[in-house]
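According to Swiss-Prot, the protein has these features:
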BINDING   N80, M109, Y138, H173, S193, R194, G195, D234, G235, L236, R237, E273, Y300  substrate binding site
BINDING   H277, H341  Zn(2+) binding site
BINDING   C421, C424, C429  [4Fe-4S] cluster binding site
Amino acid sequence: MRAQWIARRHGQPNVTQMHHARRGSVTEEMAHVAAREKLDPELVRQEVARGRMVIPANLKHPELEPIAIGIAATCKINANIGNSAVTSDVDEELRKLSVCLRHGADTVMDLSTGGDIPLIRENILRHSPIPVGTVPIYECLAHVKDVVDLTPRGLLEIIEAQAAQGVDYMTIHAGVLRDIVPMAAGRITGIVSRGGALLARWMAANGQENPLYTHFDEICEIFKRYDVTFSLGDGLRPGCLADASDEAQFAELKVLGELTRKAWAHDVQVMVEGPGHVPLDQIPMNMQKERELCDEAPFYVLGPLVTDIAPGYDHITSAIGAAVAAQHGASMLCYVTPAEHLGLPDAEDVRQGIVAYKIAAHAADVARQRPGARDRDDALSRARYAFDWKRQFELSLDPDAARTKHDATLPQEAAKSAEFCSMCGPKFCSMRIHSHLGDGAAPGAALPCADAAPSQPTRAGGPLPIAR
């Protein structure tokens, strides 16, 4: 779809969406996302120029259908896939990608840490019409025996190779600095970001500053050549409620704000990653803090999980926090699956995580009163009142699940036109009863009254006592 758009920008000194937006140009990608979001293309251009919206769209990813991530757009969700050093299978990752696409993930991140990482990523990119993100330090680690052996040049080479392959956005943990890491020493769970922990160990062993920070301008130059979007990683995010909103988290966030402005000086797009595990009451404050420190760059949050006691159900604990975060300004939600904290998610875990987060994102869009956000809810409600079961299934977030649940107790085809489900049956279905009230159910109508005044309620042996 984008091949001709990309060809027209070939050879230009700066190809980024932000660069064109700041020059007053509405690119084809901007016009496309404006149509998808039902926004004025000029508003999209202004938001991209200001840095409040990003369109992750690497020139080397022509298969991509662009999307917008930002406060003016609908809330997006990301699904993580990728193998581990324990299990590696290209076909399984493509199955996961298929699940992501079928259930409506807006972006996908390949977090592979084992096997032939470039091959897995190449397959995902060539099959993905949605933006693909990565965490480059994972592949870097596959090239050395120990993280302490990483070199700045090796990091930059991997980043360049991934950009040239077509990766649309990359998590860069450039805010984990030597003077901030000790602030996490008193935490219950310490550093829970893999990238953050690896870089902390590298700095401790080498006695040098974070190479992603010291070479940030060089990374900007790479991103500028391909139009890769920064996803500034929160390497010091809290990993439990007790560690939330602490000194380390906000010290890193302040650095991420500085790096955001530095990337913008290169006309490179930026979104900022956020926590993590956060008590429900602290989420609005965390969203406000990011807006202040990072100049309203789109906030991309992992959950946050609002309780630590539910392994196996963390797609639920985190979706609760995600809905609140999105209501208060988060632009993209990184899903969590039932396998979180327990193991590598399979395709079914991926499906459950996506569905939970689609619900959270949609609930936030409704709460923020985005134009048209509630249209599907209202259409499904009308179908429900009309007992149009097939239409209800079609409008459902997960049609297969809705149909399966219904058919488990009423599998007959005749049940698809029945005015009841197996919960209430025909005698107790409130909507069926109401729909048969006739004229009395019309707006402004009054139900008919008996001519005589009601008699005092009685029971055998005398009148019922009246409570006072």
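Glycine is treated like the rest: Cβ placed from N, Cα and C.
Between the CA atoms of C421 ([4Fe-4S] cluster binding site) and N80 (substrate binding site) there is a gap of 37 Å, rounded to the nearest whole number. Comparing CA positions across the binding-site residues H277, H341, C424, C429, the one lying closest to R237 (substrate binding site) turns out to be H277. Across the structure, S193 (substrate binding site) and H341 (Zn(2+) binding site) place their CA atoms 12 angstrom apart. Around S193 (substrate binding site), taking its Cβ as the centre, 23 other Cβ atoms fall within 10 Å, counting all chains. If you take the Cα of G235 (substrate binding site) and the Cα of H341 (Zn(2+) binding site), they are about 17 angstrom apart, rounded to a whole number. The Cβ neighbour count for G235 (substrate binding site), using a 10 Å radius over every protein chain in view, is 32. When the C-alpha distances from H277 (Zn(2+) binding site) to the binding-site residues Y138, G195, C424 are tabulated, the minimum falls on G195. For the pair C429 ([4Fe-4S] cluster binding site) and N80 (substrate binding site), the Cα-Cα distance reads 42 Å.
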